[in-house]
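Working notes for the structure below.
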């Protein structure tokens, strides 16, 4: 079923969230297709014709509400909307909880292929003289002012609101606003531009009515019923004159900012069903992804990165082949020791090249944690490329990353121990403890502080206490013991043998030119790797902070490989240049040269915050930078 669309790369390159892996489908018989866990299609049929394999009731779930202008998401129950009575929440995985997704049942329920018009859900009355009611209404107004968006889910598909944007394109937004605001000078904000009837100054208009259209595709084999392929809605605003018997017509529901007395909001909905013969169940996400902007920039950025890689590879190859080859050939031809007196460049430091670095303990710990993150990123992206971690599989990406990180304690301990031993270190206990606790501890502490802020703000992104305990248990009971095992094997092996002896007396380092001094070299080293990734970075930051879906894992995997190559080659080049300048302190310098990419990442994140985001409020700003610091630290260890 997954087939490439005309004009886009095939499934191997940028895998859109096709829910079935093509290879598996080819192997499985069409009758008993294999589906990823939790993503098997659900069949629906009309009421009265239910069978075990198909049901008539369609449930609508509501996710947390979020806003581009604030980092704080709130769950549905934090607002005074119509609530579902006594239904239990669907279970969530670790990734969803970490990302603050809170999926709950809603009072909106439909029966397949049964049209409803203007059906009442509930009516909320606010008496502004009562402080409790006033607080609820004010919260509603504040969230309309910040353009908070509903996210509804039907059959694991986002309910989208499609509207025309410039150049005659349609944009399908997987959410829709609570309402909108007309400013005091009569300027419509956000969604108020959609209706010319919204014209009262200093007034809020609440979208209290939705027209939902559900598109379905009848399965070829008639016995099974139908599958839902899309759900779209149009938000409307009506001031229902008879809330008990609504007719969905007339003037919009306005709430004046200065309104006092009683405010009545009646929530209603209409639902209709349409058959869609052209969309298959497997490609039902495509229409949302097609309307996402900027896919074509990707190819440009990949070409840009590849050119950088070719340039660097050429340089490294040239040095290896020409200079080193020539030097070594000349070295081998010398028969007498007199000629050897005229050594130059990198051969002069051979007696000092393996002198242990200062702060060798910290360097080995960083190398261990970096290895752990490197393998984790590689495996996560590899799975994402195969389509296992698509947006339909909510929270899968984060869950996968956390579990892998926990399980990869062994390589971290091993690498840290091997390097520490070869640096001649003796304090192996300190080394193991630091590898287990230093970097994860910093990340966890930052995360914990952010969580306290979210908790104080009453946001849904605050992680429940139980989950925090679970994460700590994963870290202490699985990750730490695995790190100890890795370190045990690392210390048991003999230290890495050095091909030359280290001299007793350290050699004096000659006066360095500006380019071979440590700082300029490190600053230059970070520019090339950053050039490879910064276009992808824009999309990743968008998907985290502007709530756009990210599905270009094929591109990301390619960029990841390019980044690894670029970091290595840039470091090899600069290392060679300063060894030629007779500076033998290369260990820290090689780690920091490519690790400096993280500093450019931080600068870019600050630029993104001020130029692209309209985030307001202290808590949101602290959160943005708190989470950015976690990403920067992880990125620093990874590139270094």
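Easy rule for this one: first residue shown is 1, then count along the chain.
The backbone N, Cα and C atoms fix where each Cβ goes, and this holds for glycine too.
Positions annotated as signal peptide by TrEMBL: 1-33.
Per TrEMBL, the feature transmembrane segment maps to 299-321 (among others).
Under the heading transmembrane segment, TrEMBL lists 362-389 (among others).
For 395-420 (among others), the entry in TrEMBL reads transmembrane segment. Proximity of distant same-chain residues to the transmembrane segment (395-420), defined by a Cβ-Cβ separation under 8 Å and at least 6 residues beyond the stretch ends, is recorded for 92-99, 101, 360-361, 363-365, 367-369, 371-373, 375-377, 379-380, 383-384, 388-389, 428, 431-432, 434-436, 471, 474-475, 478-491, 493, 495-496.
Sequence annotations record features per position, and here TrEMBL assigns transmembrane segment to 432-455 (among others).
TrEMBL lists 461-491 (among others) with the feature transmembrane segment.
The transmembrane segment annotation in TrEMBL covers 522-545 (among others).
Positions annotated as transmembrane segment by TrEMBL: 551-579 (among others). For the transmembrane segment (551-579), the residues of the chain that approach it from at least six positions outside its boundaries are 9, 12-17, 289, 295, 298, 301-302, 305-306, 308-309, 312-313, 315-316, 319, 345-346, 349, 353, 374, 377-378, 381-382, 384-385, 389-391, 512, 515-516, 521, 524-525, 528-529, 532-533, 536, 539-540, 586, 589-590, 593-594, 597, 639, judged by C-beta separation under 8 angstroms.
Under the heading transmembrane segment, TrEMBL lists 591-610 (among others).
The transmembrane segment annotation in TrEMBL covers 622-639 (among others).
Residues 528, 531-533, 535-536, 555, 558-559, 562, 565-566, 569-570, 572-573, 576 of the same chain lie 6 or more positions beyond the ends of the transmembrane segment (299-321) yet place their CB under 8 Å from a CB of it.
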